[in-house]
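Below is one structure; the comments refer to it alone.
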Amino acid sequence: MKTLKGHLSAKNLRIAIVGSCFNQAMADALVSGAQETFLKFGGSEDGLMTIRVPGAFEIPCTIKKLLSSERKFDAIVACGVLIQGETDHYNQIVNQVAAGIGALSLEFCLPITLSIVAAPSAEIAWQRSGIKGCHLGVSGMTTAIEMATLFTQI
């Protein structure tokens, strides 16, 4: 019986990070964590492209544009921060962004990881951005590397 599993080696991988700028300090922490993780696991600076967009809502469209170009990527990491406010706007954006990214991953059969913090408060968003506890930029890139190396075996 054969079992396939990805591994944590970014050597020769081409990965894009699409990160929003809204809630900039936290979003920057996510993007930096993803970039550092790619390099830590042997990726080259030439193998990593980072694209910054105004907000999380712009991430799916940017990913589609990127995937429709002639550039080829092994995986994409989507980074952003959404903090719940007093209106329903937060729920609409969270749902649209997650659904859009999921649909693109299936349409293009490409690993696209969701490193988007959706939090009820700025304090919790900071925690998920790596200040303490889980760092979604790091975990998103780790998953992207594992999935990209798995896909080369399938």
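Placement of Cβ uses the backbone N, Cα and C atoms for every residue, glycine included.
Nobody curates TrEMBL annotations by hand; they come from automatic prediction.
From a predicted model like this one, the values you see are computed outputs, not experimental measurements.
In the three-state DSSP scheme, His89 (active site, proton donor) is classed as helix. Sequence-distant contacts of His89 (active site, proton donor), defined as residues of its own chain at least six apart whose C-beta falls under 8 angstroms from its C-beta, are absent. According to TrEMBL, the feature active site, proton donor maps to His89.
Taken from TrEMBL, the feature 5-amino-6-(D-ribitylamino)uracil binding site covers Phe22, Ala56, Phe57, Glu58, Val81, Leu82, Ile83, Leu114. Leu114 (5-amino-6-(D-ribitylamino)uracil binding site) falls within a strand segment according to DSSP.
Per TrEMBL, (2S)-2-hydroxy-3-oxobutyl phosphate binding site is recorded for Glu86, Thr87, Arg128. Counting only residues at least six positions away in the same chain, the Cβ atoms of Val117, Ala119, Cys134, His135, Leu136 sit under 8 Å from the Cβ of Arg128 ((2S)-2-hydroxy-3-oxobutyl phosphate binding site).
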Reduced to three states, what secondary structure does DSSP give Phe22 (5-amino-6-(D-ribitylamino)uracil binding site)? coil
What is the interatomic distance between the Cα atoms of Leu114 (5-amino-6-(D-ribitylamino)uracil binding site) and Glu86 ((2S)-2-hydroxy-3-oxobutyl phosphate binding site), given in whole Å? 24
Out of Glu58, Glu86, which has the highest number of nearby Cβ atoms, where nearby means within 10 Å of its Cβ, if these are the binding-site residues? Glu58
